[in-house]
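Below: the structure, in structure tokens.
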Amino acid sequence: MAEDTSSPMDRFCGSTFWNATETWYTNDPDFTPCFEQTALVWTPCAFYWAFVIFDFYYLKASLDRNIPWNKLNVSKALVNLGLLVITALDLIMALVKKGGDSELPLYDLDVWGPIIKFATFLLVFIFIPLNRKYGVQTTGCQFIFWFLLTVLSIPRCRTEVRLDAERQKILNSQQPSEQDFSWEEYQFVSFFIFFTFTSIMLILNCFADGMPRQTKYQRGENEIPELSASFLSRITYQWFDKMALKGYRNPLEEKDLWDLRPQDSCSEVMPIFAHHWNQNVRKNYKNKARVEPKAQFSNGNVTFENPHGEKNGRKKGMASIMPPIYKSFGGVFLFGALMKLFTDTLTFAQPQVLSLIISFVEAQEAEPEWKGILYAVLLFVLAAAQTFILGQYFHRMFIVGLRIRTALINAIYRKALRISNSTKKESTVGEIVNLMAVDAQRFMELTTYLNMIWSAPLQIGLALYFLWQQLGPSVLAGLAVMIILIPVNGVIASRIKTYQIRQMKYKDERVKLMNEVLSGIKVLKLYAWEPSFEKQVLDIRDKEIATLRSTAYLNAGTSFLWSCAPFLVSLVTFATYVLIDENNVLDATKTFVSLSLFNILRFPLTMLPMLITNLVQTQVSVNRINKFLNSEELDPNSVLHDSSKPHPMSIENGEFSWGDEITLRNINIEVKKSSLVALVGTVGSGKSSVVQAFLGEMEKLAGVVNTVGKLAYVPQQAWIQNATVRDNILFGQTYDRKRYNKVIDACALRADIDILSAGDLTEIGEKGINLSGGQKQRISLARAVYSDADLYLLDDPLSAVDAHVGKHIFEEVIGPKGMLARKSRVLVTHGVTFLPQVDSIYVMKMGEISESGTFDQLVKNKGAFADFIIQHLQEGNEEEEELNQIKRQISSTGDVPELLGTVEKAIKLARTESLSDSISVTSADSLMGRGGSLRRRTKRQDSHDSVASAASLKKKQEVEGKLIETEKSQTGGVEFAVYKHYIKSVGIFLSVATLVLNFVFQAFQIGSNLWLTQWANDQNVANDTGLRDMYLGVYGAFGFGQVLSKYLSGLALAIGGLHCSMNVFNKLLNTGLKWPMELFDTTPLGRILSRYSKDVDTVDSVLPAITVQLLNTCFGVLATIVVISLSTPIFLAVIVPIAFLYYFAQRFYVATSRQLMRLESVSRSPIYSHFSETVTGASTIRAYNVGDRFIEESDAKVDKNQVCKYPSVIANRWLAIRLEMVGNLIILFASLFAVLGGQTNPGLVGLSVSYALQVTQTLNWLVRMSSDIETNIVSVERIKEYGETKQEAPWELEQDKNKPKNWPQEGHVEFQNFQVRYREGLDLVLRGVSFNIKGGEKVGIVGRTGAGKSSLTLALFRIIEAAGGRISIDGVDIASMGLHMLRSRLTIIPQDPVLFSGSLRINLDPFEIKTDDEIWKALELSHLKSFVKSLAAGLNHEIAEGGENLSVGQRQLVCLARALLRKTKVLVLDEATAAVDLETDDLIQKTIRTEFKECTVLTIAHRLNTILDSDKVIVLDKGQITEFASPTELLDNPKSAFYSMAKDANLV
């Protein structure tokens, strides 16, 4: 071994390090022993030392601790020990056997080799107990280390075995050998022990360690397998197989899903985000006084700071959500970016290998065959590595996206609980929900692409560098084409952006309008106003379609530009290359390496514009979210809680506003402990505003508000959650049966609960749709009473209930002897009756307190209060005994003769008038008004029933009590009918044209590529310029064909998409408005709305885009197969098994993924509906101080949505890995066959391999797109399903036109044996009712709750259709008419006044057929004229969503004005006066008596005086008429039910 070697490595080993003749230029390649023992061992070691930092990070980030010792980690430790022993032994043996006295010299390798190995194994060994302690179940670095070590030791196995064979030969040969082989023998044995151990370690590292004992979060049965999956299983996503299989066998359901990974849950994501957000907010303030600790994590809530800040802190600008997002989620993102860098590098290695393969084919005879195989395998290995790394990259990005979405949704939710009223005015509920639904979602979609910002330019740069090497400066010509295209695209993109913003605006408008239409659908039907609103929606839709049309054309333009770009670029480049210089000749290598580089270039160039538009959209979203998160919040300090003040509630010198002008001034109120204070005053005098001021909802301009103790609040319009009755009352408190029952009886809810189908476990629909106003009010009151607070703010809780119930509630709850007697209470009221019993009274007038004191003092004052009382008494709606009480009260104060006189008169009136529609005190008001599903249940079984029957009863109750049908997520495949429907909507001609044109495009493309091979292989081109120009010309012609066919197909698709959007929406709108009322009662509004927003949006913008991509990829894959088969026909043999693999992956995936998507969309809507419910009830939530509970509920809903979302993300990756491996196999076989098949045409080989290289991506996209089509076509399916729902009777019929213009002329109404039920399968509500009302008669309808009063009116309008019998008006059977004909000729003043946003004028006369004079006349008669005159805009005064900016009384008057404008022969009054103060009520009654003198009036009576002067009274009981006669006649007959009612009311 004495040869003097030159290189340092050779000296290090004492032998040659690298010998090219031995390794490369030979038919039997091998490495030198030195190379095997250094490079091949040290590479894995270096890798491990470089990446061990990740292992440390995982230790730190782990949420678990303490994995028990088990077979796996014990054997890992033992084998690792064995390796340590073996390496130590190697070192010792080397020192013993070599150097010193022995003739074997000791080289550096013998010492350093073992030391390096020993150090690395020791590091690995240390991690075994560490991972165990910190609960890390698997690590990637170790797996890759062992994998590399094992694979790279294989060449040495071969070497050692060969050397051993040679030694044996020498030993076996006869002559005795002098040589001592002991060192070599030792090395042989030691290496194989080492090799065995590394292989065992590799196998052990394929499995994950056991479960940790301590975990931060409970790990359930259903935990996600990923947490305990091994590295190998994680990168291949093998742990997902179970779910894929399950989803393939039968559709997945919610119970099949795994729990969420703790790292992705709100409780982990939120504190981090909140911490960074708060830091960012604080940075925005110049005065750095407030230093705060990290985001506190007190009992699981996270506090967000208010970016609006104190009034004094100067603000530098808006706090943006971007920096906190970078800081919170940047780490994972950067790691992803690192992976992306790897894959980008690997991408460019592929064309290099391709050029090697082409040159191998060109020099086939000269090269040994193993090189060809090596190249083919190398290509495959590169592709496979890329696949795995990309898989992880996308997975990481998705997770970041999900976390960002979680953070944003929660931040928006928390903010919505605190925004001030002026902010709330700026945006409707719909817009705020959109922030969550659309804008937060945007982020999620962007994260996967975000790295393209740097990756795309990098890829472009590298591609150009390699192209330069092939073609020299002519590349610049191609580059120039690309660069010219970019600004063109930029211009188009910015145009698209403006259209997009415009379209968003229209979409918001349209959804907002639809929301109102659907909320007020009952009123629209009663008034027959649907066409007007349909027209309004369609007008907005037309504008939206116009912007969509422009966008579609522009999009067709861009997609055309980009699909032709690669071709134009290659044409220009090749043309320049051959034309610059005679000597430049295109050969196969140049052509196809350049082509595959151009193909690589295509991706980043397509992505950049997409990314830019995406970024732009996200920027819009960021701005919207920022604006919202920075908007003004309620000032938490506007209400003090100073317990040193003498009284628990007080306002001193208060001035308050609702954001614009001052609403309340010089308010001074004191509420003593345990006293009852009443606020009285006319409509709009500011009573409710005072209550809001106590709650801190108003902007305090001056003064001091103080409350001490826990608050409870009953708003004027009850806010009811979509939950059971019991949950609404408990409102998050524990259930205490005794107290609960006490509350229910006190609030007179017992009777109502008995009527409900499942008792207090009946589910209440959104906004309490299946309850009457009075019930909502009482539930709202019960919630307050149950909450057992110290202070009570009651905003007119008795307005919607009958006088009796009101009295009962006052006595049992509010009054001096009620449940709340020990509490401090503020009561806003309209009734006079209870005023003598309150401790003090404040009279409000025009936003100020005009006087205050006890009842007696105020009566003596003869001020505003006395007038108030006189006015009330003149209306005469009080019961006799109450009047007597008031009389006693007044006479005791003495000296008020005129008041006493009025009282006397009133008492006389009451004696003659009194008659009540309720019998017992606990009677409930009309329940059947809404939701007929609430039929009477038999009285519940006595409690001594067996437990079992009680349980079954509970089950039954729960089933019965469900009103809202759960949203069905369809299972199984999307039927072909849906696709057919979609294609029909697009238009058959356009669909076929698109397909044909795409086919033509591909044909041109393949043609041009085959032409290139022909050109590259033609040897004569070098000497013949004419031939060269001919080749170039034809190539150009092919290109022109591509351009044209592509452009046309893009156009056809764009137009088709628009057609479809229009058809689908118009049909949806048209059929949606024609639904019968019962469907609206059982389908939650949010679900219908999501058809109009989410699903329509999908059809508008998502489906067309996906379709384009699907067609492109589909034809692309076909083209690839055709080209490869042309060049190597044997490839067709492989295509069959590969297609099978592909098909299976696709089927498994689509079944699972589609179902996951459906589950996800079903679990998404509760987030939004809960959110919109919260926004509506924010003031109640704040008053009760239960914000935290609502935040937790929202978090839980978001987490539940993630549970469905995460597996669908994984399913995506699972599929991608499998498909890309299929694609990689295609690459492997295409290149192997090209190399081995003796193919001699280098051009064709180049073409087929460069096509194969693209196929991986294309295959992946193909499945993705086809499953995207399936998941998104679901929108079409859902819209189609809504379009095919049951419709109500036709609106217009031909024979209606023959009816006289002014029908009905008499107003003669006749019921003949009429029967009706609310829905199929329910009991009859009216069972054979017959009566006859002559034209112009006034008829009162009375009866207990549930007797069918409201059903009568609904049947008259055919809101519910007859089940038997008939109704005729003026002798015409109403069932024979079109609904609009009927409804437009009747008038109703409905129970709840519904207004729509828009001008006041539109609310009165949506068809705009009345003149201004007529409208003013109607306003005058309904006592609104002075109010409207005082408004700046007059009739064009904008009414807010739901009429929020008018008081309830004013809304009721607007409904009266509507009735006056229509003035038809038949008028129905449905308890129209429940929500109005008595004064307004009186006005309404007077107007109706005078204005509707000639009309037939049907009144559903609530108060006695409303029907006593009527001509007839109908008494209904259990759906049948028990009495029908004039009131006097009935009162003369002591046996009549009417008489007994009157008797109950102390009248007779």
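Positions of Cβ are set from backbone N, Cα and C atoms, glycine also.
TrEMBL: automatically predicted annotations, no manual curation.
Annotated features, as they stand in TrEMBL:
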{"type": "DOMAIN", "residues": "334-617", "note": "domain 'ABC transmembrane type-1'"}
{"type": "DOMAIN", "residues": "649-871", "note": "domain 'ABC transporter'"}
{"type": "DOMAIN", "residues": "992-1271", "note": "domain 'ABC transmembrane type-1'"}
{"type": "DOMAIN", "residues": "1309-1543", "note": "domain 'ABC transporter'"}
{"type": "REGION", "residues": "928-952", "note": "region 'Disordered'"}
{"type": "TRANSMEM", "residues": "39-58", "note": "transmembrane segment"}
{"type": "TRANSMEM", "residues": "78-96", "note": "transmembrane segment"}
{"type": "TRANSMEM", "residues": "111-128", "note": "transmembrane segment"}
{"type": "TRANSMEM", "residues": "135-154", "note": "transmembrane segment"}
{"type": "TRANSMEM", "residues": "324-342", "note": "transmembrane segment"}
{"type": "TRANSMEM", "residues": "373-395", "note": "transmembrane segment"}
{"type": "TRANSMEM", "residues": "559-580", "note": "transmembrane segment"}
{"type": "TRANSMEM", "residues": "592-616", "note": "transmembrane segment"}
{"type": "TRANSMEM", "residues": "988-1012", "note": "transmembrane segment"}
{"type": "TRANSMEM", "residues": "1032-1058", "note": "transmembrane segment"}
{"type": "TRANSMEM", "residues": "1101-1124", "note": "transmembrane segment"}
{"type": "TRANSMEM", "residues": "1130-1150", "note": "transmembrane segment"}
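The transmembrane segment (39-58) and the transmembrane segment (111-128) are in contact, since at least 3 Cβ pairs between them lie under 8 Å (pairs 6 or more apart in sequence). Using a cut-off of 8 Å between Cβ atoms, the transmembrane segment (1101-1124) and the transmembrane segment (988-1012) share at least three residue pairs, counting only pairs 6 or more apart in sequence. Among residues of the same chain six or more beyond the transmembrane segment (111-128), those with a C-beta under 8 A of the stretch's C-beta atoms are 12, 37-38, 41-42, 45, 48-49, 52, 55, 73, 76-77, 80-81, 83-84, 87-88, 90-91, 94-95, 139, 142, 145. Within its own chain, the transmembrane segment (373-395) is flanked in space by residues 235-237, 336, 339-340, 342-343, 346-347, 349-350, 353-354, 356-357, 360, 448, 451, 1209-1210, 1212-1213, 1216-1217, 1220-1221, 1223-1225, 1227-1228, 1231-1232, 1234-1236, 1249, 1253, 1256, which lie at least six positions past its ends and keep a Cβ under 8 Å from the stretch. Ranked by the number of CB pairs under 8 Å to the transmembrane segment (592-616), the listed stretches 78-96, 135-154, 559-580, 988-1012 are led by 559-580. Per-residue pLDDT, averaged over the domain 'ABC transporter' (1309-1543), rounds to 85.
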